[in-house]
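Visitor: Can you read through this structure? Questions will come right after.
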Amino acid sequence: MRFQLRDQAGASRSVAYLLMGAGPFMFVTGVILPDNRTITGVSVFAVLTVVLGVGGAICRWRPERVPWVMWLLAPYLGVGLVTALNLATADASTGAQFFYLWPVLYAANFLSRTGNYLVLTLVSAGNAAVVFPVEGANRGLSDWASLTVAMILTAIVVNSLRLRNDRLRDVLETQAYADPLTGVANRRSFDGELARAVVWANRGTEPIALLTIDIDYFKKINDTWGHGVGDMALQSVADALRTVARREDDVVGRLGGDEFVVLLRTDRMGARRAADEIRAAVAKIEDLPSGPPGLSIGVAVLPDHAGTAIELGHASDTALYEAKQAGRGRTAMAHPPTPLPLSG
């Protein structure tokens, strides 16, 4: 999106620190240091100091009370505030111009590229509105150009660091939630998806199905052909499983070793068809010297076979065990839970 906020928590802290720092600064420069103080001027600066302090405290400890759009508008309001103060005090010094750095850093960290361009444009225009009337054309042009170039370079550096950190975070998130060999969800990620799916299913009327898949005689593949071929077999099976996970909420995971799971928003018939499609997809694998691997599949459906995530996983595991005991290369459906006998 052209205008969006990356990190509201970080943005709120940045605004809070600015306001809480600006309050005392304004009080010192507007009340304590000037020799020609007036009652009106002192009153205005005192009120502004209190307002900024209270605003900073709200942003720091109660950011939820601030309208979301304010975090987007913060750097633009900051540019306007700095420009207004510099104009009011006729201050074109380096110290006064230095405060333009905050909106530039804020935009570079929290806004989109479009937001960055707009903030830089406003900073350049605001600075020009101050330095040219105060310093004149020649001196003003030099100061204006210096500040504009400095702010642009600052934005470029901070943006590049931000993009690098974003890429690093994406890599770390992938490592944390995806199996590095196959790219499907790891156990941690899958358990979270399963828990959310169970909550969703229990709230509504649509079922969910859990397929647990083991590669038959996987140890023999490793021992005969080597672990390289074993890894290829795992990757090929993962690709085959992805073919049945068509919906956005469907999830494929690898729990470890040669054990895979597939979570589908479907009923028993749909789960059975998905198991058949998986076998058909695996049968088409041609690039393995060991040939297409065999699969044993256990299927369980909520609410038919379970009512919780733990029960669903247990039912699917039990069905997988039955498929293996029956000779492997089979699909077994879980059994409905046995009702408890009535007491008395």
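The count begins at 1 with the first shown residue.
Placed from the backbone N, Cα and C atoms, the Cβ positions cover glycine too.
According to TrEMBL, the record shows the following:
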TRANSMEM  15-33  transmembrane segment
TRANSMEM  39-61  transmembrane segment
TRANSMEM  68-88  transmembrane segment
TRANSMEM  94-111  transmembrane segment
TRANSMEM  118-138  transmembrane segment
TRANSMEM  144-161  transmembrane segment
DOMAIN    206-336  domain 'GGDEF'
Visitor: Residues of the same chain, at least six outside the transmembrane segment (118-138), with any C-beta under 8 angstroms of its C-beta?
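Guide: For the transmembrane segment (118-138), the sequence-distant neighbours (Cβ-Cβ under 8 Å, at least 6 residues beyond its ends) are 75-76, 79-80, 82-83, 86-87, 90-92, 96-97, 100, 103-104, 106-107, 111, 144, 147-148, 151-152, 155.
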Visitor: Averaged over the whole of the domain 'GGDEF' (206-336), what is the pLDDT?
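Guide: Overall, the domain 'GGDEF' (206-336) comes to a mean pLDDT of 93.
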Visitor: Using DSSP, what's the helix, strand and coil tally for the domain 'GGDEF' (206-336)?
Guide: 57 helix, 31 strand, 43 coil
